[in-house]
Each structure stands twice: as C-alpha cells, then as structure tokens.
C-alpha cells in the first residue's frame with residue numbers, strides 16, 4: 001500500500017473538523033486520565049533534518065509513554081552525508097522494520113518525494129510549508145480556555161512569510177469558525193493572505209494573541225542587527241503597554257523558541273495571560289493522541 005493510500009498527517013488539511021475536535025478531546029482525556037494505549041511492538045523513527053527541541057523531544061516522550069520503540073535518526077552520522085536521498089533513507093528504514101516516520105525537513109512538501117513508501121508519515125514541519133502537530137497543540141490550548149472556536153478573534157503576529165505555524169493555524173482556525181487577522185512588517189508578509197491589520201488597531205479586540213518567532217536563520221543579515229530588533233519590538237512586539245490593552249480573558253501564545261525582547265517583552269513570557277509553556281506541555285499529550293490516531297487508522 002503506497003504512502004497516499006495510508007493515513008498520514010502531512011497537512012492540517014488531512015483532517016476534518018470532526019477529526020480535529022476528536023484529537024483535541026482525546027489529548028485532553030490523556031492529559032486528565034493518563035489512559036493512553038500501550039504498544040511495545042512498533043518502531044517509530046524520528047528524522048529531524050532541521051533543529052528542534054520541543055517537537056522532537058515531545059514526540060520522543062509521547063512515543064515512550066505509549067510504549068513505542070523510539071529510534072533517534074542522527075543526520076550527522078547517517079549516509080545522508082554520503083549523498084543518500086531522503087527517499088532512499090526512508091525506504092531503508094521501512095525495509096528494516098520501522099513502522100512509522102516522524103520527519104522534519106527544510107524542503108517544503110518533502111513528502112511528495114516519498115509516495116512509494118509503504119509506512120505512514122507524521123510531518124514534524126516542512127520548511128515554510130506546514131506544521132500540523134504544532135497547529136493541533138495550539139488548537140488544544142485554545143479549546144481548553146474557550147471551549148469553542150466559533151467567533152474567536154485571533155491575531156497571528158510576526159514572520160508570516162517564513163512561518164509554517166501561521167499557515168497551518170490559519171487553515172484550521174478559519175475552518176473551525178474563528179476570525180483570523182495577520183500583523184507583520186511588509187517584508188514579513190505573505191502574499192497568500194490579505195487580511196493584515198496594524199497591531200495597535202486590534203490589540204484590545206482579540207481573544208488570542210499568537211506571536212511568531214522572527215526566523216533569523218531564513219533572513220538577510222540586516223534583519224539580525226540590534227537596530228532592526230529594536231524597531232521590530234517597538235512596532236510588532238508584545239510590549240507591556242500593548243499587553244495591558246488585551247481583553248481580561250485573552251491569552252498570549254508563541255510556538256517557541258522565543259526571542260525574548262523581540263516578539264515579546266521578557267517579563268511577559270510567564271505572565272498571567274501567557275500560555276506559552278502550557279502549549280509545550282500540551283504538545284506531548286497531543287502528539288500521543290496523533291500517534292494513537294495514526295496507529296489505529298492504519299491498523300498497525
């Protein structure tokens with residue numbers, strides 16, 4: 001059975017609204033009752049071709065809590081450095097008995113090269129494409145607070161052009177009934193979207209302030225200067241004055257890693273409205289739910 005005949009999680013578009021809500025409720029159930037399935041007969045390989053702390057480690061912890069045998073693929077010591085293709089690497093893992101892959105890669109839609117694989121893939125982030133499990137943990141965190149998405153006003157603020165998080169979250173949130181606006185400097189805007197606002201124009205109206213990391217590694221050198229950082233924080237960062245204009249029950253989110261003093265004042269990272277570290281905690285529970293879903297749907 002080829003890849004696209006399997007149930008994968010490559011894009012948030014792979015899930016219906018019902019499936020998204022079921023995953024949220026299952027993740028909350030695992031969080032509250034510690035009742036995850038146990039499967040010690042399956043092997044999962046984690047292939048991270050880009051740096052990661054939260055996504056990679058939460059997948060590893062989630063896999064261990066499910067009893068899965070977690071394999072850490074070391075790019076630096078693999079045959080990738082001898083010129084082996086991504087397909088050949090993944091096909092090798094399939095042939096030696098790996099049952100599932102979690103992949104992060106700098107290439108957008110890298111999975112299109114893997115259509116002849118016969119094991120399912122969970123996308124851990126594809127360049128500036130999508131990040132479906134980050135999206136799901138964000139949705140879980142919002143749902144825990146508001147119990148619904150319908151009519152919520154959400155601002156996604158920052159490096160829209162380079163953000164896979166922005167793209168996945170916009171798709172899912174609008175599909176679920178939320179009203180999403182973008183806030184960004186002109187050079188960080190993505191022409192795919194047209195619903196841009198000024199931060200100060202909507203700061204007192206939004207329920208969710210979703211900040212994005214300025215992805216310095218994807219930018220030109222002038223975007224890394226202290227002058228740029230100061231201007232960015234002044235115009236598009238969550239400063240204390242802006243924070244004080246938020247609605248009483250609003251929440252502040254960030255997929256992390258956080259550039260303190262750039263996207264958000266360092267004193268606000270663990271403020272009352274911030275759920276940044278809760279997002280990280282929820283990520284492990286959501287990834288358990290996703291792993292369960294992939295196992296069940298593919299009869300592994």
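Keep in mind that glycine also has a Cβ here, set from the backbone N, Cα and C atoms.
Straight from Swiss-Prot, the features:
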BINDING   54, 55, 104, 131, 134, 256, 257  carbamoyl phosphate binding site
BINDING   82, 164, 213  L-aspartate binding site
Excluding 54, 55, 104, 131, 134, 256, 257, which residues of the same chain place their Cβ within 8 Å of the centroid of the Cβ atoms of the recorded carbamoyl phosphate site?
52, 53, 124, 125, 165, 255, 283
10 Å Cα neighbourhood of residue 213 (L-aspartate binding site): matching binding-site residues from 54, 55, 131, 256:
256
Using Cα coordinates, what distance in whole Å links residue 256 (carbamoyl phosphate binding site) and residue 164 (L-aspartate binding site)?
13
Sequence-distant neighbours of residue 131 (carbamoyl phosphate binding site) in its chain (C-beta under 8 A, six or more apart):
55, 123, 124, 125, 164, 165, 168, 255
Would you count the other CB atoms within 10 A of the CB of residue 104 (carbamoyl phosphate binding site), including those on all shown protein chains?
23
Rounded to the nearest Å - Cα separation of residue 82 (L-aspartate binding site) and residue 104 (carbamoyl phosphate binding site):
19
What are the sequence-distant neighbours of residue 257 (carbamoyl phosphate binding site), meaning same chain, six or more residues apart, C-beta distance under 8 angstroms?
53, 54, 213
In DSSP terms, helix, strand or coil for residue 256 (carbamoyl phosphate binding site)?
coil
Ten-angstrom check, please: count other Cβ atoms within 10 Å of the Cβ of residue 82 (L-aspartate binding site), all chains counted.
6
Over all pairs within 54, 55, 104, 131, 134, 256, 257, the annotated carbamoyl phosphate binders, what is the largest Cα to Cα distance, rounded to whole Å?
16
L-aspartate binding residues 82, 164, 213: largest Cα-Cα distance, in Å and rounded to whole number:
33
In the structure shown, with every protein chain counted, which of the binding-site residues 54, 164, 213 has the densest set of Cβ atoms within 10 angstroms of its Cβ?
164
